[in-house]
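Quick look at what TrEMBL annotates:
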TRANSMEM  12-34  transmembrane segment
REGION    49-83  region 'Disordered'
COMPBIAS  68-80  compositional bias 'Basic residues'
TRANSMEM  111-130  transmembrane segment
TRANSMEM  142-161  transmembrane segment
TRANSMEM  173-193  transmembrane segment
TRANSMEM  213-232  transmembrane segment
TRANSMEM  244-265  transmembrane segment
TRANSMEM  271-289  transmembrane segment
TRANSMEM  329-350  transmembrane segment
TRANSMEM  377-400  transmembrane segment
Amino acid sequence: MLASPFDHLFLLAAASAAAALLSITLCLPSLLLYGLHTYIHPDNPGGDGLRAVLRRPSGPDAPPDPKRRPRSSSASHHRVPGFDDGNAQLLRLRLSDSHLRTRLLFPSFRAAFVASAVALTDLAILRLLLPPDPSPAATTVASVALLAVAHLLLLLSKLSLERSASKRSEKELSFVAGFLGFLSALLIVFVLSPYLFDFELGGVDAGSTKATVSVLAGVLVGLLFVPASRAARAFWLGTDQLRWDLAVVSCGALNQVLLYVAVLAAAAAPLLWVIPVAVVPAGGELMVLRPNVQMYLNEAVVSWYQRLHASRVPDMDYGRAKVFLHNHYLCLVVLQFFAPPVMVLLLIGLSQVRSDLFGGLFFMGDLLHFSDLVKEIALFLAWWIMFAWSILTMSILTLYRFGFLFVS
């Protein structure tokens, strides 16, 4: 172990710089999404030598731009003017760094990834290498972790305000879910704690602290509603609950196992609530980030495919718009899948710091009580994020199972 507080700070600075440089130099944010398939609807399907991954059924060897064949008078009578079977196709592209850099909010995703990597690295070093004595190192790590959590929370708030990123009904349901989450948090922190739930947020007389935490918990539920609904749809498509057996939207056996494990772990961890077990669902959500994003992109293909086969003369405008929006808001959805599990890991790491979080602030006196309160709030919020994510995901999957919701 290093003896001097300045040595501790130097080690943290070096580790933070290394984590940031590795993330930027190796393009880790892009590497996380490298190789995923996105889809575009071409304006000129016969150009550039590209082949369609999906097209309207015709002969197996039909060229990309088939010649017009003679039609009977009845077929010509029912044909919609302007519809061309040759244009009813999608092109599949493999994502790379150059593609991702052109997507909306990619700089925000890269900044969130780097900030999270730095904060998690500092927490790991403080936990494993540095002594538990109060020092400026603990204060520095706590500040970095709190800033990273605040950054992710603000990003989720910003994403929820995007007009075309989610339906109006989803925004309204997010508000309802947030209000119900606020009432549930009030019940837990004022009535059920610490008797049923082992959280002590400032003692019996800390009413303002408990009320503030309840408001924050309600806000978190509102922000998590849309990401949880997208995760539920990704599970529904990825595990082929529709029984379509469509190759272009299929998910490999390993990814299906990961999706099942992530959902089951997210449901079990808030009930067990053992700190080492709590890391499992957060890590599981990060492991299924790629399958979730791929299923989000495939969801647009499912919608396009439904419109294509809805009738003999389909209207493809909705399908084209769906494919475009899912391609355009790719990084927004990545952030929604990335932020919740990383926030859980950061908050758990912050709650497990062994020393006084503010012991390095010599000019502010003894803040040990305030440090314990911050740790307890961080622990409660980490549990609350997993609990809310589990409730929302399971509720939406139940609605899918009983036919009240469907993928469209």
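Cβ from N, Cα, C; glycine included.
Residues 160, 199-201, 210-211, 213-215, 217-223, 225-226, 380, 384, 388, 392 of the same chain lie 6 or more positions beyond the ends of the transmembrane segment (173-193) yet place their CB under 8 Å from a CB of it. Residues of the same chain lying 6 or more positions beyond the ends of the transmembrane segment (377-400) and with a Cβ under 8 Å from any Cβ of it are 177, 181, 185, 189, 199, 201, 209, 213, 216-217, 220-221, 224-225, 228-229, 231-233, 235-236, 241, 263, 266-267, 269-270, 273, 278, 281-282, 285, 340, 343-344, 347-348, 350-351, 406-407.
Long-range Cβ contacts of the transmembrane segment (142-161) within its own chain (Cβ-Cβ under 8 Å, at least 6 residues beyond either end) map to 16, 105, 108, 111-112, 115-116, 118-119, 122-123, 171, 174, 219-220, 222-224, 226-227, 332, 335-336, 339, 342-343, 346-347, 349-350, 353, 357-358, 374. For the transmembrane segment (213-232), the residues of the chain that approach it from at least six positions outside its boundaries are 153, 156-157, 160, 166, 170-171, 173-175, 177-186, 189, 201, 285, 292, 296, 333, 336-337, 339-340, 377, 380-381, 384-385, 388-389, 392-393, 396-397, 400, judged by C-beta separation under 8 angstroms.
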